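Peer 1: Handing you a structure now.
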Amino acid sequence: MMNRIITANLANLASSLMLAQVLGWHEPVYPDQVKWAGLGTGVCASGYRPLTRDEAMSIKGNLVSRMGQWQITGLADRWVIMGPGYNGEIKQGTAGETWCYPNSPVSGEIPTLSDWNIPAGDEVDVQWRLVHDNDYFIKPVSYLAHYLGYAWVGGNHSPYVGEDMDVTRVGDGWLIKGNNDGGCSGYRCGEKSSIKVSNFSYTLEPDSFSHGQVTESGKQLVKTITANATNYTDLPQQVVVTLKYDKATNWSKTDTYSLSEKVTTKNKFQWPLVGETELAIEIAASQSWASQKGGSTTETVSVEARPTVPPHSSLPVRVALYKSNISYPYEFKAEVNYDLTMKGFLRWGGNAWYTHPDNRPTWEHTFRLGPFRGQGEQHPLPVDKRYIPGEVKWWDWNWTISEYGLSTMQNNLGRVLRPIRSAVTGDFYAESQFAGDIEIGQPQTRSAKAAQLRSASAEEVALTSVDLDSEALANEGFGNVSLTIVPVQ
């Protein structure tokens, strides 16, 4: 029994079905588009043209494998390609049949289907909904296995692929397999092919943020700082009064479901702003979403005013310090990634393994599904290069297209590759501190005695009667508070 375990990023199959848009001798030619026509030398059906010599050279192995031992088939410009009995020789000549290629190839792109959104829940709930959905999951992956050549992808009580399937929990994953109860008829019909879904991971989508009703406190007065800006000179003085402080933002979140423990963030991102509460929250990358329960951020902020103080006068200065808080329920979408492992014996009458074995080997193959699977890894087979001889080392996608049709494979792979998302929900709370503007009052003339006492000082301007309790402010989240005054130079 032959066993293989191979991993691949099935998302790359989208590019594997991309067809040439503008054809020329230098453009890739995909063998599944080449058709045989027995209409005479160099004659093709409407909408087709003869394959050129250079195009035939690029896919010679595929063409020769489709020809009889002594077959000779025409190409453009009086060239022919000869069958395996002639070692696939390409030379000048004529033939009564022709290899043809479409003038306007049909686009082979995989359709991008709308996201499948699974309701928020614990991890096992999300997985259960995924693997038990017949239309969105069981049938598409079952048909993929069938198209690749796996035998008996269905249960004993239905003649159709992907029906009468049992889903069981196995370790950290799920096993989908045809029901084997009762009798069945057919070679090795009791050996049902299986599809294992495992190795789940979930990646947060920062741009998918949404929130419910917002509860916001508005600004609440914490403390008012007061002082006097005093001018001891005989001339008016323009001054700069500056309040400088470290502003703290404290935040926390709670998660509704345990799925959040398995969700990770791919890149760091800023928590979206909601309401009027000022926040600057950065969520780290490559960490469990549940582990990021909260934190605090600090930034230094300055507020200033530039009043002119009359001679021998004071201007009252006042700054109000506030705090505010906000809370709301939130939701982010999370991309679901997983491994899809097919195992069973391949049909002798036709399978898509690149060697097309006819001895019914048992084969195991793992596709890695999801937008964040396989990124950065060296892919052993660039399947978008299926037109290059020797590059097909796993599945022969040209064969599947020839066997089942381009549109069938497009539709099936589109359904298998449909993005799957669930939701991460919870409640968010944050508190922020901030200062209002510096308010300047009306000038107050200093008494002659006070001016005389100060006349010996070198200071021309100063802050007097300062009411600022640094320790009390620090307890309220305002650190390193200072209030200064300097004359404008």
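Glycine is treated like the rest: Cβ placed from N, Cα and C.
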Peer 1: Taking C184 as one end of a disulfide recorded in Swiss-Prot, give the other end from among C100, C189.
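Peer 2: That would be C189, the partner Swiss-Prot lists for C184.
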Peer 1: Would you please say which range out of 117-126, 197-206, 347-356 has the annotation region 'Interaction with glycans from host GPI-anchor' in Swiss-Prot?
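Peer 2: Going through 117-126, 197-206, 347-356 one by one, Swiss-Prot flags 347-356 as region 'Interaction with glycans from host GPI-anchor'.
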Peer 1: Tell me which of 2-18, 70-86, 138-154 corresponds to the region 'Interaction with host N-linked glycan' entry in Swiss-Prot.
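Peer 2: Within the set 2-18, 70-86, 138-154, Swiss-Prot attaches region 'Interaction with host N-linked glycan' to 70-86.
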Peer 1: Nearest to C100 (disulfide bond) in three-dimensional space, by Cα, is which of the recorded positions H157, C184, C189?
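Peer 2: Answer for the nearest of the recorded positions: C189.
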Peer 1: Give the number of CB atoms, excluding that of C44 (disulfide bond) itself, located within 10 Å of its CB.
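Peer 2: Around C44 (disulfide bond), other Cβ atoms within 10 Å: 22.
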Peer 1: Cα-Cα separation of H157 (site 'Important for oligomerization') and C44 (disulfide bond), in Å?
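Peer 2: Checking the Cα atoms of H157 (site 'Important for oligomerization') and C44 (disulfide bond) gives a distance of 46 Å.
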Peer 1: Rounded to an integer, what is the Cα-Cα distance in Å between C44 (disulfide bond) and C189 (disulfide bond)?
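Peer 2: Taking the Cα atoms only, C44 (disulfide bond) lies 44 Å from C189 (disulfide bond).
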Peer 1: Return the residues near C189 (disulfide bond) by Cβ distance under 8 Å, restricted to its own chain and a separation of at least 6 in sequence.
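Peer 2: Set apart from C189 (disulfide bond) by at least 6 residues yet with Cβ under 8 Å, we have W152, N156.
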Peer 1: Other than its own, how many Cβ atoms are within 10 Å of the Cβ belonging to C100 (disulfide bond)?
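Peer 2: Around C100 (disulfide bond), other Cβ atoms within 10 Å: 25.
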Peer 1: For C184 (disulfide bond), which residues in the same chain are close in space, meaning a Cβ under 8 Å from its Cβ, but six or more apart along the sequence?
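Peer 2: Long-range Cβ contacts: N156, G190.
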